[in-house]
Amino acid sequence: MFFLKHLQKFLVIAGIATMSAGLYVIDPERALSLLNGLHYDHHYTFIFRHWGMMVLLIGIFMIVSAFKKEWQQVVILYAFVEKLFMVYLYVANFFDPEWAWLNMRFIPFGLADTLITTYILCYWISLRKSKVQV
């Protein structure tokens, strides 16, 4: 029941955290340096800005869906898939010596997306249980 009761707060907080990727749209060089400690290569500006915009938008949609219930299930599903893929990449690279160093640069993203996907799974389980009990 906790996950159903606090869904609106979760969507707002997780949405704000997700929107931080907007920094990659505005200033990818500073974002890479500040958030990831990585060297900037201008050849990848297009990719970083595109990724940043997509993640910024899902963050915005998460916040909007906190107040527009008709948006919630679609937005939650998309956010879950997007964030689960980041968790997959993080875990898959964790055991690969060639890429493990990169994981160290993405710990906040891996941790945040793991927490968000876990909350969503618990929300879905709670939702299913509440429908069964009714």
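Placed from the backbone N, Cα and C atoms, the Cβ positions cover glycine too.
Annotation comment: TrEMBL describes 7-26 (among others) as transmembrane segment.
What TrEMBL lists as transmembrane segment is 46-67 (among others).
Sequence-distant neighbours of the transmembrane segment (74-95) (same chain, 6+ residues past either end, Cβ-Cβ under 8 Å): 11, 14, 18, 54-55, 58, 61-62, 64-65, 102-103, 106, 109-110, 113-114, 116-117, 120-121, 123. Residues annotated as transmembrane segment in TrEMBL: 74-95 (among others).
Taken from TrEMBL, the feature transmembrane segment covers 107-127 (among others).
Residues 7-9, 11-12, 14-25, 28, 31-32, 75-76, 78-79, 82 of the same chain lie 6 or more positions beyond the ends of the transmembrane segment (46-67) yet place their CB under 8 Å from a CB of it.
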